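> First the structure, then my questions, so here it is.
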Amino acid sequence: MTEKINLMNLTRQQMREFFKELGEKPFRADQLVKWIYHFGEDNFDNMTNINKKLRDKLKAVAEIKAPEIAVEQRSADGTIKWAMQVGDQQIETVYIPEADRATLCVSSQVGCALACTFCSTAQQGFNRNLTVSEIIGQVWRASKVIGEFGVTGIRPITNVVMMGMGEPLLNVANVVPAMELMLDDFAYGLSKRRVTLSTSGVVPALDNLSGMIDVALAISLHAPNDELRDEIVPINKKYNIKMLIDSVNRYLSVSNANHGKVTIEYVMLDHVNDSIEHAHQLAEVLKNTPCKINLIPWNPFPQAPYGKSSNTRVDKFQKTLMEYGFTVIVRKTRGDDIDAACGQLAGDVIDRTKRTAAKRQFGQNIDVQLQ
């Protein structure tokens with residue numbers, strides 16, 4: 001028996017080709033995308049503007065399948081974390097409500113291969129890339145849950161950030177089509193400024209990205225010099241800070257989504273990267289790059305070798321950068337009581353890399369495949 005095609009793996013253009021191959025009019029794809037994403041429908045029989053003959057044909061060859069929720073946890077601050085089942089493993093997706101928006105933090109891989117030393121996900125190792133349906137399916141599943149609770153005042157998703165488990169630019173082949181669906185007016189219709197891709201700095205993939213899609217960009221920098229970044233963000237040994245910042249500036253030069261500015265993410269690690277001297281170094285690194293800087297309180301996880309920067313050290317770091325004219329925001333920690341805060345996502349990962357502590361030191365050995 002031929003395996004059914006999961007229509008969530010297709011962009012609208014790909015679905016139009018799929019319908020042509022079925023001998024049907026391409027506009028049927030527009031209808032189906034609306035049913036799936038506007039109305040959260042995964043049952044062909046409920047698609048009333050599609051005739052029964054076509055519905056029966058679709059049921060024979062296709063399915064609409066998103067990850068199922070295995071566990072839901074709710075924080076006192078309104079944050080919701082879902083562990084979603086993908087095969088025999090789990091990924092994590094986080095809903096973060098705020099006064100004027102609601103952001104969904106989406107995973108791109110089962111685990112992560114980059115081995116950043118301050119991140120819980122990295123300690124789980126890496127298993128595989130998520131498919132398009134497993135990425136966009138996180139948005140679909142979360143929207144469906146929130147829709148069911150809409151009467152209680154839970155805010156619909158307004159923003160999506162590719163900041164969950166994994167490095168998005170090591171899964172370009174699936175992340176970009178998923179983001180296309182986030183932007184597609186027939187699907188979720190989010191503004192390109194409300195879809196953010198966060199990367200630790202896979203420079204060749206970032207250089208290619210501008211020709212594929214225009215979305216908001218966030219850079220996980222976390223250190224102001226190569227010596228320190230080599231240690232805590234090992235991919236820096238392959239693509240150093242200068243290479244990364246040059247690539248960022250190239251992306252900004254052709255992007256409309258970023259308003260000419262990139263977001264720089266900087267986790268505050270006590271007496272590691274949070275001194276006044278580090279702040280001066282960071283200002284020098286970013287002096288020719290229009291940006292806003294997010295200072296992120298570090299969120300602890302078991303066996304981590306770090307401490308959280310004191311409020312005093314964070315304040316001094318922020319003020320030093322602001323004296324240079326930078327916009328600097330100290331991110332409010334959300335969902336830390338359910339381990340849903342930045343750097344705490346772990347999921348349930350079968351590590352295929354079998355990395356040792358020694359291997360983790362060699363970021364230059366990270367295999368970067370551009371797809």
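The backbone N, Cα and C atoms fix where each Cβ goes, and this holds for glycine too.
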> Among S143, S198, S210, S310, which residue does Swiss-Prot annotate as binding S-adenosyl-L-methionine at the site that also has G166, E167, S220, L221, H222, N299?
S198
> Given the recorded positions C105, C112, C116, L221, which one's Cβ is surrounded by the fewest other Cβ atoms within 10 Å?
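Fewest other Cβ atoms within 10 Å, among the recorded positions C105, C112, C116, L221, is found for C116.
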> Restricting the comparison to the binding-site residues L221, H222, N299, which residue's C-alpha is spatially nearest the C-alpha of E92 (active site, proton acceptor)?
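Checking each of L221, H222, N299 against E92 (active site, proton acceptor), the shortest Cα distance is to N299.
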> Using C-alpha positions only, work out which of the recorded positions C105, C112, C116, C119 is nearest to N299 (S-adenosyl-L-methionine binding site).
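Smallest Cα separation from N299 (S-adenosyl-L-methionine binding site) among C105, C112, C116, C119: C119.
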> Any idea which of the binding-site residues G166, E167, N299 has the thinnest Cβ neighbourhood at 10 Å?
N299
> Report, as a single number, how many Cβ atoms besides its own are within 10 Å of the Cβ of C119 ([4Fe-4S] cluster binding site).
27
